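Participant: Encoded as structure tokens, here's the structure I'll be asking about.
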Amino acid sequence: MASVIHACAVGELLSAYLDGELTRDELHVVVEHLDSCLECIAEFHELRDARTMLRTLPRLEVPDRALPDIHYGAELSAYLDGELPTGEQPVVFAHMALCEKCRNELYELDAARTAVRALPRLDALPDGSAHGRDGDANVIPLRRGRRSWLAASVAAAVLVLFVSLTSSDPQGPVLDLEVFSNQHVARESVQSPASLFSAELTAVDVSNP
Amino acid sequence: MAEELVPDWEDVARRYGRKIYNYAYRLTGNPDDSADLVQEVLLRVRKGLQRYTPGSFEGWLWRITRNAFLDDVRRRKRRPTVPLGDDDRGIGNPSPSPDEVLSSVRLSEDVQAALLKLPMDFRECVVLCDVVGLTYDEISDAVDIPVGTVRSRIHRGRKMLRDTLTWPL
Ligand SMILES: [Zn+2]
Ligand SMILES: [Zn+2]
């Protein structure tokens, strides 16, 4: 095929050179070599074109169906206990404003938590968790009063949230998420300075939720 | 580096869903398989995040993605892949500089078709590098091969791709 058969080993370094993946010593060798070797210069241009073609392939959108519904079942207990990381709490809160499924799950969890905490002969540990003494599973019926209190408070919170969302920004929850994602963008750009391209992708993703 | 927080799942879905989709599409040329893969990967990420400890998130994510992809390949025994360009809408790709004119006239379908002709080992490394935007270290981590192997696969992959595009079969 068309591949130039190279006498010099430097040709093998040219892709890594384009990607900024050479060691300092290698870089020195390549730069110096490219000053004089016409073959490698030609090879360099061809590889650069190939790389550019790949990197400018259109970014396809994910079909909607591929992005599943997102819920926070796993975080709800920590949410109830106020143990979520500060940044995550508003995200979960905003989600619940829109998601009946997670709200219902929160009620159930709260009821369960209340029941556990109301178990007789329990030591309440300093961290708020509770452990049964001798496995006596006295099932305490869920208490309606507590449940409806929580329901009311969440409903009120949801209402407040809606009002604040609609008055400030119609895309409310997205704002919270962007705080998160910006942190990740920052982290990513630290990790891979070479990948301009991925930064561009990220920028598109963020601006285009 | 200061804040190595564990990303939450919604964040991952939002930020990486599209990258995962493009990764799968460039490897297979098949939009349906690619959409399925995104779903599968996000499910696995969701399960895995609880056990994820801050480290190389990219490596971790793409290892999961790759495993899901390989499982899928095994399960399907790979249908023939068809390059198609219908929904190849360019979004956010930078406008080509003057010396990229030659490459910019290439239809993306040609590049896609050329990609699909590469042996999978090479195709994978090239896609992770040029489509996903991973560093060689991250690819080494994701694919579980030495960095030197990453380097030579990317190099040879690009050369093969160029040859295919220069002398189309
Ligand atoms: Zn040379
Ligand atoms: Zn939900």
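Glycine is no exception: its Cβ is also placed from the backbone N, Cα and C atoms.
Note that TrEMBL annotation is computational and uncurated.
What TrEMBL shows for this protein is this:
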- B:14-79: domain 'RNA polymerase sigma-70 region 2' (DOMAIN)
- B:81-101: region 'Disordered' (REGION)
- B:109-161: domain 'RNA polymerase sigma factor 70 region 4 type 2' (DOMAIN)
Participant: Summarise the model confidence on the domain 'RNA polymerase sigma factor 70 region 4 type 2' (B:109-161) as a single mean pLDDT, whole number.
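Facilitator: Summarising the domain 'RNA polymerase sigma factor 70 region 4 type 2' (B:109-161) by its mean pLDDT gives 96.
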Participant: Please list, for the domain 'RNA polymerase sigma-70 region 2' (B:14-79), how many residues fall into helix, strand and coil according to DSSP.
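Facilitator: With helix first, then strand, then coil, the domain 'RNA polymerase sigma-70 region 2' (B:14-79) has 54 helix, 0 strand, 12 coil.
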